[in-house]
Amino acid sequence: AILGLGALVSAEVFLHETFSDGEGWKDRWVASKARDELGAFEVSSGKWSADADKTTGLRTTEDYRFYAASTKFDKPFDNKDKNFVVQFDVKNEQKIGCGGSYVKIFSDKFDAEKFSGDSEYNIMFGPDICGSKAMVHAILQYKGKNHDLKKMVAAPTDDLTHTYTFVLKPDQTYQVLVDGNESAAGDLVEDWDVLPAKTIKDPEASKPEDWVDEAQIDDPEDVKPADWDDQPEFIPDPEAEKPEDWDDDMDGDWEAPSINNPDYKGPWSPRRIDNPEYKGEWVHPEIDNPEYKHDDSIYHYQFNNIGFDLWQVEAGTIFSNILVTDDVDEATTIREASLDLAKGELEAKAAYDKAEADKAKPASEDVSEDESPIEINLDDELAEEATEEK
């Protein structure tokens, strides 16, 4: 109980950005100056929402644009001997065809105004969709090189809100969750190529010259039959007859068309038998890799900034509920609240779609059932006009 209480007391939230204070986000977030004509962000809950006040987020607004903006944590985060959790909600309201929706997390050395795709980050995490490729990145920077998760994690491609969670643990294990469902988990060393292989093929070893690796050989006792080659591959068609109107003087000598010879046996080859000298496939022996060195601190980083560095063909993505903490339970609580709101989003979207469909209806379809069209009897009208003329 004491240990549990200690863990609870030490748990911290280093960032929880909800964009719920209107334009206040502009005081916390810094737009990069590294590139001209970056896309603009705005605060929005989108075209449909289960609760606009609780689902406000940062929305991309311009198609075919790069986006780059970042914010500092409430305090620096050294995750030595602690869990690291990053979690955020993404709503690709535009049903994105090509664009990133991920975050990058940086150390305190990060320069927000020079933020670009070349900025060194600690972790990149989140969905990336382009055409038929829809995946969740989980990239770790290790000794200056970026390493992507080897396991494939599929990203949802609909236009609803989804929650993405990445957990790094001090025991060098991890979890990737999409909407609270575990999509990948395991060991950092096994699932990222951060370290050289523990063993390598022995450079001094080679297959012996007399190694027999043929599993079967031609039967030395098998002999080709004496008449094997006597049959041709094609023969004249015995059913064919010279046409009655064939003129040998005019058409030349008639020859029956050729057909496959049913008695033709093809090239002869001896039957195969098991090789009595077969030793099996030669396996190159391995030795310990002198370049390999165990590192139990792969999970460990110094964090203090998070940001978006994105390219989007179709704008409209909304980011919300950005959380960085060492408390897995806190992340679970916030995620469950997001998922509860997401359930109501289906109904909100259905109402939005209906309203849009109603707007698109031709004016003729808006006539009320009680407003029957006026019927005019043309014959009566003509008769009345004729009487008046008289």
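Glycine is no exception: its Cβ is also placed from the backbone N, Cα and C atoms.
Note: TrEMBL annotation is automatic and uncurated.
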If you check TrEMBL, which stretch out of 199-246, 247-294 is marked region 'Disordered'? 199-246
Taking the Cβ of ASP128 (alpha-D-glucoside binding site) as the reference point, list residues of the same chain whose Cβ is under 8 angstroms away and which are at least six residues distant in sequence. GLY99, GLY100, SER101, TYR102, ALA134, MET135, VAL136, HIS137, ALA155
Cβ-centroid neighbourhood (8 Å) of the alpha-D-glucoside site, TYR102, LYS104, TYR121, ASP128, ASP309 excluded: GLY100, VAL103, MET124, PHE125, GLY126, HIS137, ILE139, PHE308, LEU310
Sequence-remote partners of the compositional bias 'Basic and acidic residues' (199-210) [C-beta within less than 8 Å, at least six residues beyond its ends]: 282, 284-289, 292
Inter-residue Cα distance where the pair is ASP309 (alpha-D-glucoside binding site) and CYS130 (disulfide bond), in Å: 16
Three-state composition of the compositional bias 'Acidic residues' (228-246), taking helix and strand from DSSP: 3 helix, 3 strand, 13 coil
Per DSSP, three-state class assigned to TYR102 (alpha-D-glucoside binding site): coil
Provide the three-state DSSP residue tally for the compositional bias 'Basic and acidic residues' (199-210): helix first, then strand, then coil. 0 helix, 3 strand, 9 coil
